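According to Swiss-Prot, the features are:
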- Cys97, Glu116, Lys117, Arg118, Arg123, Asn124, Asn125, Phe183, Tyr298, Asp398: FAD binding site (BINDING)
- Cys1002, Cys1005, His1023, Cys1026: Zn(2+) 1 binding site (BINDING)
- Cys1029, Cys1032, Cys1052, His1055: Zn(2+) 2 binding site (BINDING)
- 1185-1195: compositional bias 'Basic and acidic residues' (COMPBIAS)
- 1388-1402: compositional bias 'Basic and acidic residues' (COMPBIAS)
- 1413-1431: compositional bias 'Basic and acidic residues' (COMPBIAS)
- 1552-1562: compositional bias 'Basic and acidic residues' (COMPBIAS)
- 516-619: domain 'Calponin-homology (CH)' (DOMAIN)
- 1000-1062: domain 'LIM zinc-binding' (DOMAIN)
- 1796-1945: domain 'bMERB' (DOMAIN)
- Ser631: phosphoserine (MOD_RES)
- Ser1688: phosphoserine (MOD_RES)
Amino acid sequence: MGENEDEKQAQAGQVFENFVQASTCKGTLQAFNILTRHLDLDPLDHRNFYSKLKSKVTTWKAKALWYKLDKRGSHKEYKRGKSCTNTKCLIVGGGPCGLRTAIELAYLGAKVVVVEKRDSFSRNNVLHLWPFTIHDLRGLGAKKFYGKFCAGSIDHISIRQLQLILFKVALMLGVEIHVNVEFVKVLEPPEDQENQKIGWRAEFLPTDHSLSEFEFDVIIGADGRRNTLEGFRRKEFRGKLAIAITANFINRNSTAEAKVEEISGVAFIFNQKFFQDLKEETGIDLENIVYYKDCTHYFVMTAKKQSLLDKGVIINDYIDTEMLLCAENVNQDNLLSYAREAADFATNYQLPSLDFAMNHYGQPDVAMFDFTCMYASENAALVRERQAHQLLVALVGDSLLEPFWPMGTGCARGFLAAFDTAWMVKSWNQGTPPLELLAERESLYRLLPQTTPENINKNFEQYTLDPGTRYPNLNSHCVRPHQVKHLYITKELEHYPLERLGSVRRSVNLSRKESDIRPSKLLTWCQQQTEGYQHVNVTDLTTSWRSGLALCAIIHRFRPELINFDSLNEDDAVENNQLAFDVAEREFGIPPVTTGKEMASAQEPDKLSMVMYLSKFYELFRGTPLRPVDSWRKNYGENADLSLAKSSISNNYLNLTFPRKRTPRVDGQTGENDMNKRRRKGFTNLDEPSNFSSRSLGSNQECGSSKEGGNQNKVKSMANQLLAKFEESTRNPSLMKQERRVSGIGKPVLCSSSGPPVHSCCPKPEEATPSPSPPLKRQFPSVVVTGHVLRELKQVSAGSECLSRPWRARAKSDLQLGGTENFATLPSTRPRAQALSGVLWRLQQVEEKILQKRAQNLANREFHTKNIKEKAAHLASMFGHGDFPQNKLLSKGLSHTHPPSPPSRLPSPDPAASSSPSTVDSASPARKEKKSPSGFHFHPSHLRTVHPQLTVGKVSSGIGAAAEVLVNLYMNDHRPKAQATSPDLESMRKSFPLNLGGSDTCYFCKKRVYVMERLSAEGHFFHRECFRCSICATTLRLAAYTFDCDEGKFYCKPHFIHCKTNSKQRKRRAELKQQREEEATWQEQEAPRRDTPTESSCAVAAIGTLEGSPPDEPTSPKRPKSISEPQHSDAEGDAASPLPSEWTSVRISPGEEAAGQDVLAVRVLVTSEDSSSDTESDYGGSEGSHTEPCEEKPWRPGSPHLPHTSLGEALSRAVSPQCPEEPRAVHAALQRANSFQSPTPSKYQNWRREFWWSLTPVNKRTMSPPKDPSPSLPLPSSSSHSSSPPSSSSTSVSGNAPDGSSPPQMTASEPLSQVSRGHPSPPTPNFRRRAVAQGAPREIPLYLPHHPKPEWAEYCLVSPGEDGLSDPAEMTSDECQPAEAPLGDIGSNHRDPHPIWGKDRSWTGQELSPLAGEDREKGSTGARKEEEGGPVLVKEKLGLKKLVLTQEQKTMLLDWNDSIPESVHLKAGERISQKSAENGRGGRVLKPVRPLLLPRAAGEPLPTQRGAQEKMGTPAEQAQGERNVPPPKSPLRLIANAIRRSLEPLLSNSEGGKKAWAKQESKTLPAQACTRSFSLRKTNSNKDGDQHSPGRNQSSAFSPPDPALRTHSLPNRPSKVFPALRSPPCSKIEDVPTLLEKVSLQENFPDASKPPKKRISLFSSLRLKDKSFESFLQESRQRKDIRDLFGSPKRKVLPEDSAQALEKLLQPFKSTSLRQAAPPPPPPPPPPPPPPTAGGADSKNFPLRAQVTEASSSASSTSSSSADEEFDPQLSLQLKEKKTLRRRKKLEKAMKQLVKQEELKRLYKAQAIQRQLEEVEERQRASEIQGVRLEKALRGEADSGTQDEAQLLQEWFKLVLEKNKLMRYESELLIMAQELELEDHQSRLEQKLREKMLKEESQKDEKDLNEEQEVFTELMQVIEQRDKLVDSLEEQRIREKAEDQHFESFVFSRGCQLSRT
């Protein structure tokens, strides 16, 4: 018997194994039947079947399966199979979801029957599995049934295999499965229940099937159909036509096939190039494609209909999708060919053969189907009751919620629904009342569509049927029983009315958004808002709005700082309307529906258009309390939350605009202009300054470090706003008109606009400030004078309210900059101001000429079709040069006595300025306002030039601006002179579109555009479907497009390059270049006349260009939405871009380049409100300085300006001699002004710049534009750079001097005021980040690459105290730009041009590279001396010297200690404190140290004065002190330090300490590594710096708060750091630092002294992936030499010992070149372990990092100096390297898996966004169609039937509100898509950088290093862009939260109650 038993057991095991291994449905059933017969089991005994089967099959394989199934069945919810013992369930459909539901019900003990109409599982389609799904299937023994299940990194499975697994489990658990049985319908219980009680049954096919008598209590529909079970209404989600093709190819499992990588998906959102390449090569046009490898090679793709028609796949085109895809209309052969071609291309032709697998019909397994519409059931369950029998009806799977296939949601959400349904059945069996049961089920169903792998619980082990274990924050009662009464279907209930709908809780958002609004309400609201405004009487929605005053009144009502209502002329309807349209679009994202010209020309504006337009204001502002001006100002001054400061009104109404638009109103402007304020509040101007002071950039006292954080955020937002405004206002003729009009009026609109004191007295320019002493105290006499001028200017420009207001704000802030410190200097300023007035007068003359030229150039843009002469003539006729307000302004404001500050930004003294390529204009209103943080609204150019001498405040900046504007205009020859500098400039463009039809004519198809379907961009109106790329015809979105203003064409991002390279553009460029050369000649002749003005103007122009918003580049508010693509936004590229003169006509409408770069640059300029204007001045200075070396010569007010001196310099000099502080303030003001008003480069220049970059991809960023010596050379730096105004001191632009001699530049401090002599080299971009001195080692450019403001970087490098200024003779133009040095040579002040730079740039002086040797040596020595000697040396030196590393210094460099050299400490304790503060900021590597020179030029006290300043506690002062701080470490150095910190534990421990180290490292290293690798992101965001000490301001000489600058400037570090950076990569030692620089991605390198926490926080802010540092650790192992170089952070090596120490460290690695016999130094004590996780690192990933750390530590331990190594280094190295290799492989594998998972997450998000965008588009199209129908009826063009006009209008209004919501939603999706695209790009760049760093340093050549630098720089830029997006989203979130709170309080105040759902 025993043998028989054993045999039976063996046989049973074999039969069971056959069942488990069955590979088909039929085979499985057959094996199961054999098994049950063999074991004598009854399958119908569902309660005992599993337990009997388990007892009879006891093989070890079976036991493993039983263990898993028992573990699942042990959940308490099942109650050991007794929860639902009396329940009978019928499941229709045997798919994965139906079977999974059956398994759960079987565990509950229910009787489960599954009917499946097929008898085969033939679907090879592959499903993506979520992590929880994989875990769940493993728990059911999936591995036992299918050994390959999710092996390795596989996370997908074919439907067939999944069905087999679940099928077998269900059979084992006693589920009754019937195949070849089709469900027909449910049969109700018969009415005759007396004889026998028959319950619910079903009808099947075949009709005689035994199941026909089966009665059940629960029926579940799981067949994927939409109408199998009655009673479920469906919601349709219609997207664009989506045709999916699935193809399965035979998988022969060959080695070649195994090597082919799968494609988890390619999303069009962030990989458009792939699809465009596919289309070009094969003609196949797809939207996405996925490739999975399983039993087959499975491809699924979404094809575009036109592509299918072109390839002959679809024979005829039909509108009806069913007809389109019917078998008769599909060519099967072409379909097979289409699928094969796509598969080949997607796999890069690596699959050896693509033979189609066969389906169950014996045909090639290729299918085409439509999923244009996806459906979801409105409800998940219902209860039917008949004859006292209740039936629970439920849906699961696709029947419940149809999935979007690329997302992989079908299986995951299907399983979740199965669990929820089983939970419901359990409750049903326990007697829960039907309504409660249904309410709970619906509550869960509402969560289902929102579930993602990220928002469900991560602890899969705890998953049970209970929804609380799966859904976090579950509210299972959000749906109330009364809300589901309609789901309880019974005769008795049908007659009962449902409860009032009002009782249903609605979310606050819904309640508010859906409030019932009628046109009458709209009219009443408008009347209320415009009540009390002069000349405004709203009686209707048409004629009352014709003058434009009513629109302006509404905007002024809620945002008084945006419009100067008092300056508006009632008769000028065109400009009033255009102003309102432009401000609304720029600030609120409300697109115009017509133009100002049309509004004024029509007798009665179109009612429908007005209803639609005004409704957007209503939705935006309704319920918004007016914010008291004073409180607003106070909040702003206190750095109150930006979003709150906005007063709950988002900058972009519909989120339509991207970050640039969202920027908070950071300007210091008050809610109202001074006049209004006085009128409403009764405050005198004297009081106003105090209000502004808190906001003013320069107010050190009020803007304490506590405000810094707020300021930084403001800076970002302001930068964004500036960009948007700058671009938008680029072509606003209306502004010019407005200015003209205002000037004509001549009444002093705002007497006090310039300065508070001035306001009261309106003193003459010469007069000192009037008596108001308190305010006077802040104001310099010059300020008063300029104030007067400003007032006059303002009068002229009163029309441009925006301008006037900014002026005021700026003036105030400037005055404050002067602060009390300036009070003493008041008397001295007057003479200077007067002297300035003379300069200004000369400037004016020059400007007039420039303006004339500029008008001609503008004509080119506007009328590109004509030749230049014709264009000029046309412009002259249109705008009349004589009319320019310039003359008026000049005469009025710029008298000799007065330095009338052209600052009055409005009319900018020179009309040209205002007209200046809307550069100024664009910058003007909008920008200015945004800039207004500083309060400046001048044209950027004006401000820059003016501010130095005029007054610290408005005047000085005004003058600088005027000069700069002139230069910009001249150089950029942008638009016609827009007279109004106000934001209207853009409006002007739109008002008078030269080549446009009316707003009701489509720009593309020339057909009529009805109001509801009208879209607008760049002043054009068009249909949605007409808005396509000119090349590929891809439909464009308002948030993502590029525009060539010359040709009037729109492009998609990938094809924008086309407009840069086509021949027409080249020709145009050539013409422009010639023109510019002629202009340059003219300018040279004029230069002597202009003197400084010329120079400053040039600088200004450069700045403008840097700003990057090419004047031509019209920036629609929407364009700001789109973030420039990384490739376009290369700040470096921009920097390298040709001078403005070179910039060619192409303009990227979305501001691809300009946008990204501009935003950065602008951000820098605007950066700190609290920061003194210095910050901005730094920018300006950098521009000037970088262009050429300058010596600063003290300038005496009496002395004439040197011909080459920049106006800014002259001004600063005039001021500086007497009072360093005053000059400082003045300089700051100037800089700020400059920064704000950088003229934008002409589009031509932009084009040229981009083209130039494209020619030299690697070096383009570092290269200067090809020999473009235009005098006004805007810094090549990216537009963003341009934003920074040239500091007065650095303003001198070498390029400015026509002769090529660079105008002298003044250093920031008067004593230093040195003008470096140099030849004007085209200003190379300050960002030389990438540029490396030819002789110098290539280092990772400072963080600057990120920021468009490289200019600062230049300065930064030069810390006057640390790096001596090189002798003027020595300095080349590059040298002049110390900031650049940090970029190129982080350590050196001199910028070494890339080799390319040197070539391309025209150097009047010797090339940097040649200088590198000598100068560097001198410099290094000098630097050292300076380091030790402190500021004194700096004073002595007039020029910057380049530092050359001596061998000793090189070794010093290797001392990676962050600590400052003792000499430095001893030299200046103050410096140390400053430094620490700076480091506290996070010591951004990228931070260029502020141009030390510039700060001084600003009037910053000399280093000697530093001590006194430092004593002052204000951050600004500290910042000044910072200048003196030792030069920042080069990024390389910083990186090396960071790396050292992270790796030192590995390197430094001795053998004995290895174990301890391994433990510690596992904890410490990850955090450190994180810090090292990625603090980049945060620094970019400008947030981290603020968080730290006030020292963060250090980067800027004057304004500590300037966040933007901060980001760019390098932390000031001991100069010793620079030596290595400066030294050429001759030795390995030098290479290491260089390598390190490249390796480290961290922007901020905290000092070693800083606690690790700060580093960690920086890292977290970056949100970079753990993988990056882990991989970095691995890479670091390969570089043993580097590793050894890192010393303990605390250990200091004296310079003399550093070489020896280095050699010792390198010994173990046998670096033959460095190896020495010296014994290795003892290991330093291990640093305290940092917190367990770095801010950004996920705790869950920490273990991996720990492993990495351990591995690396052990690996490094061999290499690290240890006793073992000393005795037998070779042996230990070999052994450990083997271990390391194994671990590395393991880690690499894990890393790849993590990378893939992250990629998948992004992919699914992208695909979901893509689908949602398509759905929104379809809904918009549907609403547009309906809107057109209504519009025709309202206009009498169609029969309206029985509806009267009131009904139609009401319907129209509802439609308008619906469309507004859709637009809002679309804008949010687009922002999400953009962020996702940047995230993906960042991830790829990180991976690329890691791969490059894996290469041994010794094997890298110059090309490798350059590529590494480029990748690093690009990565920085991407991070910067992501930060901006995230900030804008956060702003929006806070704003909406504030709105909700306000709404709730409003509701509660009326005794109502709201509940959220």
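Placement of Cβ uses the backbone N, Cα and C atoms for every residue, glycine included.
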Q. About how far apart, in whole Å, are the alpha carbons (Cα) of His1055 (Zn(2+) 2 binding site) and Tyr298 (FAD binding site)?
A. 32
Q) Between the binding-site residues Cys97, Cys1002, Cys1005, Cys1029, Cys1032, where is the Cβ count within 10 Å the lowest? A) Cys1005
Q | Cα-to-Cα gap, Cys1052 (Zn(2+) 2 binding site) vs His1023 (Zn(2+) 1 binding site), nearest whole Å | A | 17
Q: Could you check the binding-site residues Lys117, Arg123, His1023, His1055 and say which one's CB has the most other CB atoms within 10 Å?
A: Arg123
Q: Select the closest residue to Lys117 (FAD binding site) from the following binding-site residues, measuring between CA atoms: Cys1002, Cys1005, Cys1029.
A: Cys1029
Q | Pairwise Cα distance for Cys1005 (Zn(2+) 1 binding site)/Arg123 (FAD binding site) [Å, integer] | A | 46
Q. Arg123 (FAD binding site): which of the binding-site residues Cys1026, Cys1029, Cys1032 is the nearest Cα neighbour?
A. Cys1032
**Q.** Which of Cys1026, Cys1052, the listed binding-site residues, has fewest other Cβ atoms within 10 Å
**A.** Cys1026
Q.
For the domain 'Calponin-homology (CH)' (516-619), report the average pLDDT of the model, please.
A. 85
Q. Excluding Cys1002, Cys1005, His1023, Cys1026 themselves, which residues in that chain have a Cβ inside 8 Å of the centre of the Cβ atoms defining the Zn(2+) 1 site?
A. Tyr1003, Phe1004, Lys1006, Lys1007, Val1009, Phe1022, Glu1025, Phe1027
Q. Out of Asn125, Tyr298, which of the binding-site residues is least crowded by other Cβ atoms within 10 Å?
A. Asn125
Q | Counts of helix, strand and coil residues, the domain 'Calponin-homology (CH)' (516-619), according to DSSP | A | 63 helix, 0 strand, 41 coil
**Q.** Candidates Cys1026, Cys1029, Cys1032 (binding-site residues) - the one closest to Tyr298 (FAD binding site) by CA
**A.** Cys1032
Q) Going by C-alpha distance, which of the binding-site residues Cys97, Asn125, His1023 is nearest to Cys1029 (Zn(2+) 2 binding site)? A) His1023
Q) Of the binding-site residues Cys1002, His1023, Cys1026, Cys1032, which sits closest to Asn125 (FAD binding site) by Cα distance? A) Cys1032
Q.
Can you tell me whether DSSP puts Lys117 (FAD binding site) in helix, strand or coil?
A. coil
Q | Distance [Cα-Cα, Å, rounded] between Cys1002 (Zn(2+) 1 binding site) and Cys1032 (Zn(2+) 2 binding site) | A | 20
Q. Given that the record lists Cys97, Glu116, Lys117, Arg118, Arg123, Asn124, Asn125, Phe183, Tyr298, Asp398 as binding FAD, what is the largest C-alpha to C-alpha distance among them, in Å?
A. 31
Q | Distance from Cys1026 (Zn(2+) 1 binding site) back to Cys97 (FAD binding site), taken between C-alpha atoms, in Å | A | 43
Q. What is the interatomic distance between the Cα atoms of Cys1026 (Zn(2+) 1 binding site) and Cys1032 (Zn(2+) 2 binding site), given in whole Å?
A. 13
Q: For His1023 (Zn(2+) 1 binding site) and Cys1032 (Zn(2+) 2 binding site), determine the Cα separation and express it in whole Å.
A: 18
